[in-house]
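Notes follow once the structure below has been shown.
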Amino acid sequence: MERPEPELIRQSWRAVRRSPLEHGTVLFARLFDLEPDLLPLFQYNCRQFSSPEDCLSSPEFLDHIRKVMLVIDTAVTNVEDLSSLEEYLAGLGKKHRAVGVKLSSFSTVGESLLYMLEKCLGPAFTPAVRAAWSQLYGAVVQAMSRGWDGD
């Protein structure tokens, strides 16, 4: 896999980093639009959400959004040395597998990430920026997928 363009990723992430919860909410709203079957996977204290809006407004889910955005931020920070995150990301993959996430759903998460970036960046979301983020996300998912492979 080609290495992502670090400067394009860092520069575009600066805009997102200013309001990670807001942009993360856009990402997950899009995810639930594209793959509504994921909603039941998010249960906190045995509470099932009746709608994406119910989920997106819950304090527990907002905490999950913050954590996801922090993982993305960590990947951006380490974009030139993603191998340093491989063990952590494989563990994260294993946790997702344990709660019933299918590896195939990460394709939809990637689409949702690109959607969020496009909404946040507007005209600055160029084909080169899109390609750089696709490469970064692909590398992250590749590392996370090791959590599905091994025990």
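Keep in mind that glycine also has a Cβ here, set from the backbone N, Cα and C atoms.
What Swiss-Prot annotates here:
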BINDING   HIS64, HIS96  heme b binding site
DOMAIN    1-149  domain 'Globin'
Candidates HIS64, HIS96: member of the binding-site residues with the richest Cβ shell (10 Å): HIS96
Residue distribution over DSSP helix, strand and coil in the domain 'Globin' (1-149): 120 helix, 4 strand, 25 coil
